[in-house]
Amino acid sequence: SLVELGKMILQETGKNAIPSYGFYGCNCGWGGRGKPKDATDRCCFVHKCCYKKLTDCDPKTDIYSYSWKNKTIICDVNNPCLKEMCECDKAVAICLRENLDTYNKKYRIYPKFLCKKPDTC
């Protein structure tokens, strides 16, 4: 669910997910679509594509559990769809951390109507 995703992002980046990424660029947060503005926005684009592959669970509401051991996210989930969802969230959290140096405050609250035609997954 969005709760686990937010926790992972905080653990990996040290940033609070909603204010930092909830409205970032064209692909982060609700209703995001369009050509990614930068590497951080591309992380969110790839994450949305990952979610599109999920067929038996709802990323917004279904809950899974994970472990945080030695600063590493471990998706220890038995349900195949929830495990895949956890892996999607883990991947975006790591991607956001790896691209912290390109995080651009001008994209933090980006007007979605400025976003051009979306890339395809």
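Glycine residues also receive a Cβ, built from the backbone N, Cα and C atoms like all the rest.
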Of CYS26, CYS28, CYS75, which cysteine does Swiss-Prot list as the disulfide partner of CYS44?
CYS28
Identify which of CYS95, CYS115 is listed by Swiss-Prot as the disulfide partner of CYS26.
CYS115
Pick from 66-78, 79-91, 105-117: which range does Swiss-Prot record as region 'Important for membrane-damaging activities in eukaryotes and bacteria'?
105-117
Of all the recorded positions given, namely CYS26, CYS43, CYS44, CYS75, ARG108, which is spatially nearest to LEU114 (site 'Hydrophobic membrane-disruption site (MDiS)') at the Cα level?
CYS26
For each of LYS105, ARG108, LYS117, count the other CB atoms within 10 A of its CB; which of these recorded sites has the top count?
ARG108
Sparsest-packed of the listed recorded positions (CYS26, CYS49, CYS57, CYS86, LEU114) - C-beta count within 10 angstroms
LEU114
